[in-house]
Structures are given as C-alpha cells and as structure tokens.
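Peer 1: Before I ask anything, here is the structure I am working with.
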Amino acid sequence: MNKNIKYSQNFLTSEKVLNQIIKQLNLKETDTVYEIGTGKGHLTTKLAKISKQVTSIELDSHLFNLSSEKLKLNTRVTLIHQDILQFQFPNKQRYKIVGSIPYHLSTQIIKKVVFESHASDIYLIVEEGFYKRTLDIHRTLGLLLHTQVSIQQLLKLPAECFHPKPKVNSVLIKLTRHTTDVPDKYWKLYTYFVSKWVNREYRQLFTKNQFHQAMKHAKVNNLSTVTYEQVLSIFNSYLLFNGRK
C-alpha cells in the first residue's frame, strides 16, 4: 500500500456511521455520482444502491485492486485508477460529488471540485478545523469559495469513527453551487484583490481617499468584523475606481 503521507487515508468502518452519512446526502435514483477515493468500497457500495451511476476515483494501487475485486459485479459502479487532482470532470453532464478527502490535500481538492467541476452539490468529509477555515472570510480560501458555493455542516464525525484513528475530528459538509458572485471577466482581478486584501495591503488597491469611500459605501465600521457581502462591495468599488465598471 502507498505509505506516502500526502495520500494517507483514514477509513470509515462503522456501518451505523456510513448509514448516517448516506441519509444526509439526499441522493436520488436518477443521480450520477463521482466519488473521491474508493478506499475499500464501503461507501461506494451504498452510493450505488441509491443512485443511477457511481464513478469512483482511487489513486492507491492496492486499494484500487481491492475495491475492483469487491465491486466487479456491480454494474452501477465504474472505478478509475487516477489521481483526483489530474481527473477531468465532465462539462455538460449533471452530477454530484461525494468524497472523504485526505487531510493533507484538502485545500487542493476543494478548489478542484469547486472551480474545475460543474457539480450541483458536493459532499465532503473533511477535518473539522479545515471546515472552519472554509468559512473564514479573512482567509483567501474562504473568499474564493464563497463566490461559487454555500457551505454547511451536515454531520459531526468524531475521530473514533475512523481507522486508523486520526488525531482530529471530522465533519461531513455540503457545498451547494449558486450563481457566481464574480463574473469570469473579473475573476483574475478578484483573485488579485483577495491576495492583497487578506494581507491588508490596502495601499496596493486604493488611494487613501478611495479606501475611505469604499469603506463608507460598504458600511464598514470595523475591518475585523467585515462580512463577505461587504468585501464584495469593496471589490466592486475597486473595479469602479479602476474603470472596470
């Protein structure tokens, strides 16, 4: 088995917990599902029972061979031996994504599924602290994700639910796609704005007078309690001051 910590995995083995997760997914028999990490096929098997088709992507050769043998007679399951970060999700097909992602790749994978897929709903099992970071609009990741998806916790999963037992608790979260808050034509400007904003490099974005106007328009009294909506307002002021709107 691949022992590389970059791809280390902690497996859900409790039938009770797996069933609790399935209940939260709200999948229909017409749904197409892409699963990140087949593992030993426990969740894959349950996904296939309640959806139309499951495509499960697994990098680890040992786990891929193990799950291939276990699921070889299941006509609803297609297994792919590939790194999820290299996988190309379909552009036109309707689908949902489910996965328990390695802690060490959480940021890369969540960016992948949000910005490089068209999934309507994304269900991920992640480390609890990472989930909190996705909600933090004082961080780059939070400000980028919120433009495309809303994020909510569905289920708390204590470390005891996994084998081997990790040092941290996990949560099942749902990312629901919404109409983008930042049109494609402004995306590069937004990522630049965010990189400067989170590092408080305000002088790189505004003159002193512009900054004062942007804060006033967004009704910001305290930068430490600024909301996502206020950041969007400030970004729109940035576009206006730079003749982009």
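Heads up, the Cβ atoms here are built off N, Cα and C, so glycines get one too.
Not my notes, these are from Swiss-Prot:
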- ASN10, LEU12, GLY37, GLU58, ASP83, SER100: S-adenosyl-L-methionine binding site (BINDING)
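Surface or core, plus neighbours and distances: that's what I need for these features.
Peer 2: In the shown protein chains, 19 other C-beta atoms lie within 10 A of the C-beta of LEU12 (S-adenosyl-L-methionine binding site).
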Peer 1: Look at each of the binding-site residues, GLU58, ASP83, and point out the one with the fewest other Cβ atoms around it within 10 Å.
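Peer 2: So among GLU58, ASP83, the binding-site residues given, the one with the fewest Cβ atoms within 10 Å is ASP83.
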Peer 1: Would you count the other C-beta atoms found within 10 angstroms of the C-beta of ASN10 (S-adenosyl-L-methionine binding site) for me?
Peer 2: 20
